[in-house]
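Lifted from Swiss-Prot, the feature list:
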- 27-1396: topological domain 'Extracellular' (TOPO_DOM)
- 42-165: domain 'Ricin B-type lectin' (DOMAIN)
- C55-C68: disulfide bond (DISULFID)
- C93-C110: disulfide bond (DISULFID)
- 176-224: domain 'Fibronectin type-II' (DOMAIN)
- C181-C207: disulfide bond (DISULFID)
- C195-C222: disulfide bond (DISULFID)
- C333-C348: disulfide bond (DISULFID)
- 387-504: domain 'C-type lectin 2' (DOMAIN)
- C408-C503: disulfide bond (DISULFID)
- 524-643: domain 'C-type lectin 3' (DOMAIN)
- C617-C634: disulfide bond (DISULFID)
- C699-C796: disulfide bond (DISULFID)
- C774-C788: disulfide bond (DISULFID)
- C914-C929: disulfide bond (DISULFID)
- C1066-C1086: disulfide bond (DISULFID)
- 1120-1231: domain 'C-type lectin 7' (DOMAIN)
- C1353-C1368: disulfide bond (DISULFID)
Amino acid sequence: MVQWLAMLQLLWLQQLLLLGIHQGIAQDLTHIQEPSLEWRDKGIFIIQSESLKTCIQAGKSVLTLENCKQPNEHMLWKWVSDDHLFNVGGSGCLGLNISALEQPLKLYECDSTLISLRWHCDRKMIEGPLQYKVQVKSDNTVVARKQIHRWIAYTSSGGDICEHPSRDLYTLKGNAHGMPCVFPFQFKGHWHHDCIREGQKEHLLWCATTSRYEEDEKWGFCPDPTSMKVFCDATWQRNGSSRICYQFNLLSSLSWNQAHSSCLMQGGALLSIADEDEEDFIRKHLSKVVKEVWIGLNQLDEKAGWQWSDGTPLSYLNWSQEITPGPFVEHHCGTLEVVSAAWRSRDCESTLPYICKRDLNHTAQGILEKDSWKYHATHCDPDWTPFNRKCYKLKKDRKSWLGALHSCQSNDSVLMDVASLAEVEFLVSLLRDENASETWIGLSSNKIPVSFEWSSGSSVIFTNWYPLEPRILPNRRQLCVSAEESDGRWKVKDCKERLFYICKKAGQVPADEQSGCPAGWERHGRFCYKIDTVLRSFEEASSGYYCSPALLTITSRFEQAFITSLISSVAEKDSYFWIALQDQNNTGEYTWKTVGQREPVQYTYWNTRQPSNRGGCVVVRGGSSLGRWEVKDCSDFKAMSLCKTPVKIWEKTELEERWPFHPCYMDWESATGLASCFKVFHSEKVLMKRSWREAEAFCEEFGAHLASFAHIEEENFVNELLHSKFNWTQERQFWIGFNRRNPLNAGSWAWSDGSPVVSSFLDNAYFEEDAKNCAVYKANKTLLPSNCASKHEWICRIPRDVRPKFPDWYQYDAPWLFYQNAEYLFHTHPAEWATFEFVCGWLRSDFLTIYSAQEQEFIHSKIKGLTKYGVKWWIGLEEGGARDQIQWSNGSPVIFQNWDKGREERVDSQRKRCVFISSITGLWGTENCSVPLPSICKRVKIWVIEKEKPPTQPGTCPKGWLYFNYKCFLVTIPKDPRELKTWTGAQEFCVAKGGTLVSIKSELEQAFITMNLFGQTTNVWIGLQSTNHEKWVNGKPLVYSNWSPSDIINIPSYNTTEFQKHIPLCALMSSNPNFHFTGKWYFDDCGKEGYGFVCEKMQDTLEHHVNVSDTSAIPSTLEYGNRTYKIIRGNMTWYAAGKSCRMHRAELASIPDAFHQAFLTVLLSRLGHTHWIGLSTTDNGQTFDWSDGTKSPFTYWKDEESAFLGDCAFADTNGRWHSTACESFLQGAICHVVTETKAFEHPGLCSETSVPWIKFKGNCYSFSTVLDSRSFEDAHEFCKSEGSNLLAIRDAAENSFLLEELLAFGSSVQMVWLNAQFDNNNKTLRWFDGTPTEQSNWGLRKPDMDHLKPHPCVVLRIPEGIWHFTPCEDKKGFICKMEAGIPAVTAQPEKGLSHSIVPVTVTLTLIIALGIFMLCFWIYKQKSDIFQRLTGSRGSYYPTLNFSTAHLEENILISDLEKNTNDEEVRDAPATESKRGHKGRPICISP
């Protein structure tokens, strides 16, 4: 009977498992009624209404509010990929149907493209598109409305539902190149919101990297921090008998930050290298499989130098001898070069393999650091300074490093060594007290590779390098180190340089040492500190009664380090300690609550995503985030307290911030009371937008930094400054110094200039992807995390009393002030009105004109501060004798006036009078033009806002010619090769027809010609020659060009042979379907035959009939290039556009190549309105995808550096793409009818060898070898040893698949070998099996086969996707290819609940039947695990892992062999059910 009761419980658990809930959570639900800690650790929570105290439960077709005290699996939620909210019990994501907003919210399949599934938190609100928020109706139904409703996580403390965001898990091994997991993913019919072990023999956690594993078969193992607490698990390797583990991720391709994040998730860090022995161990395990790998070396802390990401001291250096100063300064992340085992600096956004390291003995350094902060009273000889049982003496007789060493040794001391941050603090204070700026310390190196050692013989356990240090001086074997006063940082110096130096020796510690602090208090510097262990509210702790005289204030990183060591002895998990920082008045700025004198905030040490909100009080945290600061509720939260009091009554130094009254230099700007000046560098004034690091370097050239806001008043000023310069409707984003680049800063945000973070700049910004480590500022007081490599404008900040430097490249311009697309120059030296009219003209500007009240306000605000130069300022207005004859000096009409009343009473005068503006009132008046006054000039950049009018009326063209843009075009590509022409022959043909070779004056004409080259394989002559490439053959100037970047004018290309370099060249337009070259221009031999051509001539206007094609209405259905397009007209959102397309049995248009783009460019120009296209993003603009599933690398953005402005894309009237909010209303959409193609079955699976394989159609490919550089012959032999062949490309689909996979490796791979050979006899290229190369891609021109060197080999150049000849001895990556060899095993298909509605009775029957089967099996097995995976007699293949081989990976999951290749039901399913683009069905849930 007991067994049957247990079986009933198991039956219920089995039902939960079928619904997709994790086994462990299902077990929890059987015996707990409150949300468990395990749920929270997995990121699962229950959503509770803050006001109603009820919780959201997913029902059959609606969401309702239910009693929270009876939790079930349908109440469990989790944030998953792309900001989706996943319901564990319902196996679906919360979605909003934009087309039916009145409907209640419900669950949808998580990869649906027809429903809005993205949500974000905003002050306890759950907000979706169109500002719709999760709300509740009176019947407790959950709906979307624009009213506010607040939600919290149902826990004992009522946490925030966004405290557990979805984080990218970067996969290990597998075949996904390290790409992050996608959650949820579907496997065997079930959706999984977490990594699983099912289907994997070794029971390691794994995930898919696309939403449906069976469709793409992309997967990898999950990082698991719990897998190696005391030993190295299967994915790690151990270094001999040490307790250090290494993980070689040589098939991954990640940026430095992504690699760093991957290692951190496993409890490790990117590789640090302590010495040559460790480097030798690493080199032996790389086996030259890859060229370069990421290591933990970086200089991402703007205030420090090079460092290891795990905090290991940087004393061993092995920089490559070839490294130049440029990359060393510009690139901030380090790599290990495999062949030379030397280090290089790289752009951190490059994608490379990486190595993780984990030290199982990581606590030893923490114990040592804690001891260094303990106070010890010390006695020293006269003139020596005591500190922590040692005595120090700064000697001011300047000596070389060796001289300093001998001098100290002669006094029975050593040249100072530094073993801790506590000693750095003492060093800084000693230098300040002695008024010294720099000193020798005892660190030096006399080795190659460089290995710094202390002259005292002590171990190097701590380093503290200055920015860009340690720099290895060229041609110097001996290197010596100094320390500077400002922050104690170290620099590498020439040992012969003469500096001050510090000697160090042992001191005397008295037996009865007294710290000077009361009992129970600890001393640090001049203060005593104590922990009050009683839990109190902030009001109680800060009252002065329990913590006398006050709570702790922290002023520096040194004091913070001391506090961290102090609380480490009592800090347990989830322990907190009050400090004096607070924002109780809800001002938005955190300040110290002190008794008496105000103390400014000089330093902050926030935890990740802190400060989370305004109006709170601050605690220091214990446990895993030891020492970090967090905001808590001042009244309700209880914590211990940190107290601070001076050792004795000192004369306190004035700590009030001094406000310098020096005006800002040059054209930097500030406001009264601010200690800093700011300058906005916007696109109108600089050559290009810049990345965050480039912008910071730009500011540093002026002696400044990217802007920081040390006070809320500074942010207010910058916001007003931006409003004064730019139209508020402009979506501009500016880099500021806010960043979290420093890997040692635990993911917390900081200012690049070291200013304290005093405000909650990123309220509820929980969705901060690993790639977004820098912040941009918008003019609505909003900070947005952004990818540091993206390009933006920027703002610099400099202290008011610091004079900016002027870099050599800086071209000083008079201090013009920018305001809404115009600039203004204020001349403070008075002169007559006529003089300034001449001066403004000489400066290529106009006398000031004022066209609006806003411009009037801007001018008045500026001259108000310049009143000392004069009250009256000339403007560009004059009047004659008659009052109504008044106009601006540039001839424009007066459309805005702001006259003083006195003007109306003025007596008319025949004398000419000129107009001024008052700096006091802003009103206008008149004055004698000869009176000298200050004045204002204005220069305007004219923006064209209307199309050019047609030069003539529409005409006609001869038969066979194409009419476009009031010209006639003839595209001629003869089918008979004998009729193809030279450039001269083509020009003669065109002249004979009354025209010339084409001259292209605009992007629109270029698009028209390009669209008419679709399907052609022959390039065409156009009317340009190299002898005069600035004029067309018809004499018109070249005002538009479309040259190929790979074919620069007058520079021989890589295919050019020696005898071709001096022959005449003429221009061709490429018809190559590769979008890198489609429509591009390039030069070739004018005398070469074999090309088509394009003629043009003027239209015929003698006849009066109008060309119908150019003026008639555009039909709603158009055919082009094997596609059918439909035009939808009317105002609509992106979602409504998609719905309208589907009503026409179509999809929002995808644009796969340059030909279709050219067609749509011409079409949109005719339509005259912007139109939606099918492009959208779910990751804040990192990647955009086509809604119909099309995958193409082709893009046509207006500006690749454009700011990300929304999740959906449209095409403008020039065809260019822009992003905008999906809820915006545009005037139409472009659809295309999707052709339903029957999917071909490609049976068989990839066999397992020493490399992993990815299947495409009927073949398997090894991409792990692309990082293994070999000669052609070695690569060919390697593939043969694997039972495969070197890559041969048979068709365009295969070529697209290969490029998509290869582009994931980024810049790590440039070329791979192709299995082709050149036949010298007949000058042709053939595959190695003898078949011809029907699929080829030579780029702009085919190589000259007659002048090739003997026996060349062929590579695929990945960035352009073209083929290229290269010597066979070169070392390149390669891909092996073979037919899918393992036959698929027949299995019955599984159907998940998300695909059908299962009646309750049938479900119960199946559960009962399954229960009986499980009971029988349990009786048979007796001791077997009831949930062990059952395997029948299908002959399933279980691959064995062997991680000792660097490139040996597992790529076949057990389930791969259980595919049903004969499933006719699935094969014949309607297209609307099988295509991802049509997944918008709600998920129905069984009760």
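Cβ atoms are placed via backbone N, Cα and C, with glycine included.
Feature map: Swiss-Prot annotations on the structure.
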| residue | record | DSSP class |
| --- | --- | --- |
| C93 | disulfide bond | strand |
| C110 | disulfide bond | coil |
| C207 | disulfide bond | strand |
| C222 | disulfide bond | coil |
| C699 | disulfide bond | helix |
| C774 | disulfide bond | strand |
| C788 | disulfide bond | coil |
| C796 | disulfide bond | strand |
| C914 | disulfide bond | strand |
| C1066 | disulfide bond | strand |
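At the 8 Å Cβ threshold, with sequence separation of at least 6, the domain 'C-type lectin 2' (387-504) comes into contact with the domain 'C-type lectin 3' (524-643) through 3 or more pairs. When the stretches 176-224, 524-643, 1120-1231 are ranked by Cβ pairs under 8 Å to the domain 'Ricin B-type lectin' (42-165), first place goes to 1120-1231. When the C-alpha distances from C796 (disulfide bond) to the disulfide-bonded residues C634, C929, C1353 are tabulated, the minimum falls on C634. Between the CA atoms of C914 (disulfide bond) and C110 (disulfide bond) there is a gap of 70 Å, rounded to the nearest whole number. The two recorded residues, C348 (disulfide bond) and C788 (disulfide bond), have Cα atoms 10 Å apart. Helix, strand and coil residue tallies for the domain 'C-type lectin 3' (524-643), in that order: 18 helix, 37 strand, 65 coil [DSSP]. A straight line from the CA of C110 (disulfide bond) to the CA of C774 (disulfide bond) spans 29 Å. Around C1066 (disulfide bond), a 10 Å sphere centred on its CB holds 26 further CB atoms from the protein chains shown. Of C93, C195, C617, C699, all annotated as disulfide-bonded residues, the residue with the shortest Cα distance to C1086 (disulfide bond) is C699. Per-site Cβ counts within 10 Å over the disulfide-bonded residues C222, C333, C929, C1368 peak at C333. Spacing of C333 (disulfide bond) relative to C617 (disulfide bond) is 37 Å (Cα to Cα, whole number). Annotation note: C408 (disulfide bond) sits in a helical segment as assigned by DSSP. Taking DSSP states H, G and I as helix and E and B as strand, the domain 'C-type lectin 2' (387-504) has 23 helix, 42 strand, 53 coil. Within 10 Å of the C-beta of C348 (disulfide bond) we count 23 further C-beta atoms, all protein chains included. Comparing Cα positions, C408 (disulfide bond) lies closest to C699 out of the disulfide-bonded residues C181, C222, C699, C774. Each residue contributes its Cα atom, and for C774 (disulfide bond) and C699 (disulfide bond) these two points are 16 Å apart. Checking each of the disulfide-bonded residues C55, C68, C195, C788 against C929 (disulfide bond) by C-alpha distance, the shortest gap belongs to C788. When the disulfide-bonded residues C55, C207, C1066, C1353 are compared by Cα distance to C617 (disulfide bond), the shortest distance belongs to C55.
Checking the disulfide-bonded residues (C55, C181, C207, C634, C788) against C195 (disulfide bond) with a 10 Å Cα-Cα cut-off leaves C181, C207.
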